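Participant: Pasting a structure below so you can have a look.
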Amino acid sequence: MGFVLYNTLSAELEEFVPINPPQVNIYTCGVTVYDDSHVGHGRSLIVFDVFRRYLEKLGYRVKFVRNFTDIDDKIINKANEENKDFMSIANRYIARYYLDMEAINVKPANVEPRVTEHMEEIISLISKLIELGKAYESDGDIYFSIDSFKDYGKLSKRSPEELEAGARIEPSLKKRNPLDFALWKASKSHEPGWESPWSYGRPGWHTECVAMIFKHLGETIDIHAGGIDLVFPHHENEIAQAESITGKPFARYWMHNGLVTVGGKKMSKSLGNFVTLKEIYTKYHPDVLRLLVLFTHYRSPLDFSFEKMEETKKAYERLKSAIEDIEPLKAIAKEGKPVVDIDFYSLEKSTQEQFYKALSEDFNTSLAIAHIFNAVAELNKAKTESFKIGYITPKELEGYLFLANSLKQTLKDIFGLLEENTLQNTLKTLEPASSVNISTEFLEILIKARNLAKENKDFKVADFIRDELLNYGIKLEDTKAGTIWKKP
């Protein structure tokens, strides 16, 4: 089944045609791990998790790469505030990230590369740009010259002059053009850094993603995804570097989700108007957040409020009641006149057709979920009438179950809803564990996070969790049957 997708690069709806079908390579920019993830991050994670599930349902073989930025000024500042090594800060928040993703049912990426493990590739990429005359050294720093790339601004649809006028750019005498951006920044001797041909330093943000994409996905990928706030300068600068080296399109499709706002202002840590994912999934079932995200078209802004969470919670309860709370209905099944005039089989067919049609038109989850809720309304109508009269006929019950099971399977497979897991159940009742008495439930969650890290070959995080637990006198042992723990 084909579908069309809005391509930020062309600003048009385009038919999706992978480079090497059925393979689809996707890269999405991950988090900078200096603090807990908030709802703004969660929206992007959920949108592209569902998009990936949709592609897989259509039969595509998806390689999904999402990175960790584990070296950044914000991480270094946090480390200085706490008098810790920057890597311990990064590892802490990567571990928490894994907990968040498991809680909100976001599937791990196939590859989750860390910037600090790709210094060789980053330095090699910068060297190539210098050789090509696209980058220059200035007092130990390396800058990309935007004047060397004639298509600069093609993603954001603005000229360099317009970009300069609208951008918040730090003035620097080191730059030839105010829009030139850092590929490598010299570090002070006491700061984190790596040796390079130019200086002891660390990479610029825009270079990191290009190097990781080249290594894990190749020179041209099918889809590059991320938040709309990354179009400029981040994604614009990625294109300039990648296409300067290869002379080929960096990505065939650019897919961007809209911002999460609070009262019309972007949710961000700098404004202090953010709500962490943990705050959400300890107060609500995580499916409520997924549903809130799916109710809005991925390209539109999503204005967050707890009032909307409450409304979504009620909608979710209607959904669960219709699809899962079926035993009381089975108990009153008996022969008699039909209770309702509903053709459950025709409704199932039309709902599925409308559902997939909506998703095929620029991944319109808002319309797709509306079709699901239309069918849910019919199920709840049948339940209400049956309980009022006191029975449902076996034939109607059979049709009801057929429709309910079909909807449930679709919601699980594509939207990642109604997939209860032990972590979600635990989080509903979990009390914060004290530093001297870690609860069994919380310990099991940490083991889950460690196992996820190991599955993704992120052994630094796995070792970090193990070592932190050792500080509390808890020893983890990996056995053939799984991970066991021992307390003194």
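Note that Cβ sites are derived from N, Cα and C of the backbone, with glycine treated the same way.
Pulled these from Swiss-Prot:
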- Cys29, Cys209, His234, Glu238: Zn(2+) binding site (BINDING)
- 31-41: motif ''HIGH' region' (MOTIF)
- 266-270: motif ''KMSKS' region' (MOTIF)
- Lys269: ATP binding site (BINDING)
Participant: If you average the pLDDT over the motif ''HIGH' region' (31-41), what number do you get?
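Facilitator: So the average pLDDT across the motif ''HIGH' region' (31-41) works out to 95.
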Participant: With a radius of 8 angstroms around the mean position of the C-beta atoms of Cys29, Cys209, His234, Glu238, what other residues of the same chain does the Zn(2+) site pick up?
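Facilitator: Here the non-site neighbours turn out to be Trp205, His206, Glu208, Val210, His224, Gly226, Leu230, His235, Asn237.
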Participant: Pick from Cys29, Cys209: which of these binding-site residues has the biggest number of other Cβ atoms within 10 Å of its Cβ?
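Facilitator: Going through Cys29, Cys209 one by one, the largest Cβ count within 10 Å is at Cys209.
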Participant: Please report the distance from the Cα of Glu238 (Zn(2+) binding site) to the Cα of Lys269 (ATP binding site), rounded to the nearest angstrom.
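Facilitator: Their Cα atoms are separated by 24 Å.
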Participant: Long-range neighbours only, meaning 6 or more apart in sequence with Cβ under 8 Å: which ones does the residue listed as 'ATP binding site' have?
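Facilitator: For the residue listed as 'ATP binding site', the qualifying residues are Asp35, His38.
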Participant: Give the sequence-ordered list of residues that share a chain with His234 (Zn(2+) binding site), lie 6 or more positions from it, and have CB atoms under 8 Å from its CB.
Facilitator: Cys29, Trp205, His206, Cys209, Gly226
Participant: What's the number of neighbouring CB atoms sitting within 10 A of the CB on Glu238 (Zn(2+) binding site)?
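Facilitator: Around the Cβ of Glu238 (Zn(2+) binding site), 25 other Cβ atoms lie within 10 Å.
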Participant: Taking DSSP states H, G and I as helix and E and B as strand, how many residues of the motif ''HIGH' region' (31-41) are helix, strand and coil?
Facilitator: 3 helix, 2 strand, 6 coil
